[in-house]
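Notes to accompany the following structure.
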Amino acid sequence: MYALYFILVVIICCIMMSNTVANEMREHIPYFEDICKGIKAGDTCEKLVGYSAVYRVCFGMACFFFIFCLLTLNINNSKSCRAYIHNGFWFFKLLLLGAMCSGAFFIPDQETFLNAWRYVGAVGGFLFIVIQLLLLVEFAHKWNKNWTAGTATNKLWYASLSLVTLITYSITTGGLIWMAVFYTQKDGCMENKILLGVNGGLCLLMSVVSISPSVRDRQPHSGILQSGLISCYVTYLTFSALSSKPAEVVLDEHGKNVTICVPNFGQDLYRDKTLVAGLGTAILCVCILYSCLTSTTRSSSDALQGRYTAPELEVARCCFCFGSGGEDAEEKRNMKEGPRVIYDEKKSTVYSYAYFHFMFFLASLYVMMTVTNWFNYESANIETFFSGSWSIFWVKMASCWICVLLYLGTLIAPLCRPSPQYSV
């Protein structure tokens, strides 16, 4: 239900950022200007469209989840009265969400509010990205540790580790070579060449550090599987950043405009802007929801707090992300019929309710910044969202470098301060 509310608000934000929808409403709604003046939204309802409207709606949604984050702090029993607030009253919550999103349009001194809220959104959006990168690094370490534990009883796990490592490095190498061929040219594209060289060098650095004797001495489970997985993700972010980079146009010898530093087959990808915008927005919503829902599991929450399973208790499984069959079966037995509320008080609630709402609070800020093109908000609209932006380009490149720093930090930190809390 919370995800449904989230999707509903995101769709409204996308509609507000669409010039096509605004023009269609202006042309087909009778007495459009009179209606806009009647609701005090401007002569052409300009207060209900554009980045400022999205900021106000996302402010309401962010406040909604932040309030529930405060209301659900330190809930340890899923049958407590405050837990019922989290797990029920859906109609009243929908009314509250609508009231908060609508009420944001009546905040006085709108310019000051928008300028201040913009910085809050940037901080929250970056924090959301960092948490996802932390979980990715934790996932890489967990994968290697779990499968390495299986080698003690079955040597086939060595083959599995080797195969996955080979695949990740093949994807990384192939991806970097592919981008070097299609996103660079013999003359020019120096910025792309430098970025590919830097990110390729970082992938090599991670691999060398992960198998260095000093790191292996402190962390026996460190290996090239983790660095291969992180390198693969770095390659993806590099490709995504280069794809989001505004096209460079130069004049050829005949005086015609020619787009350079992009694949030739990519210049016609944006003919149907409506289809691209709709498909891209759907993918964006799915990715954000997946991040929110998987970030709030107990294992993810423990990982962010530095609590890991002891190596001797690891049981190697192909689907190591999920609990063992016994735990799953017991949770199913404890599941209440009707609403999917799981009662399992062995380790407090099944997931942290407050952390759940906090992740949706950060996701609201991330959506607000992403849909409004981060720092190029004044010229943003949903039709040109996927055609390239310097803001999105640098956000993705920064995410790439932060991911590398986080992974290197998990390897180097134990060397500086040996302590069990750094063990992965």
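Just so you know, the numbers here start at 1 and follow the chain as drawn.
Each Cβ is built from the backbone N, Cα and C atoms, and glycine gets one as well.
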Segment assigned the feature transmembrane segment in TrEMBL (from 223-242, 243-262): 223-242
Remote residues contacting the transmembrane segment (157-182) - C-beta distance under 8 A, at least 6 residues beyond either end: 144, 147-148, 150-151, 192-193, 196, 199-200, 203, 223-225, 228-229, 231-232, 234-236, 238-239, 242, 262-263, 316
Tertiary contacts of the transmembrane segment (53-76), as residues 6+ beyond its ends and Cβ separation under 8 Å: 5-6, 9, 12-13, 16-17, 47, 82-83, 85-86, 96-97, 100-105, 107, 114, 117-118, 121, 124, 345, 348-349, 353-354, 356-358, 360-361, 364-365, 367-368, 371-372
Residues from the same chain, set at least six apart from the ends of the transmembrane segment (194-211), whose C-beta lies under 8 A from its own: 172, 176, 179-180, 183-184, 222-224, 226-228, 230-231, 234-235, 238, 241-242, 397, 400-401, 404, 407-408, 411-412
Selection from 88-107, 119-137, 350-371, 391-416, the stretch that has most Cβ pairs under 8 A to the transmembrane segment (223-242): 391-416
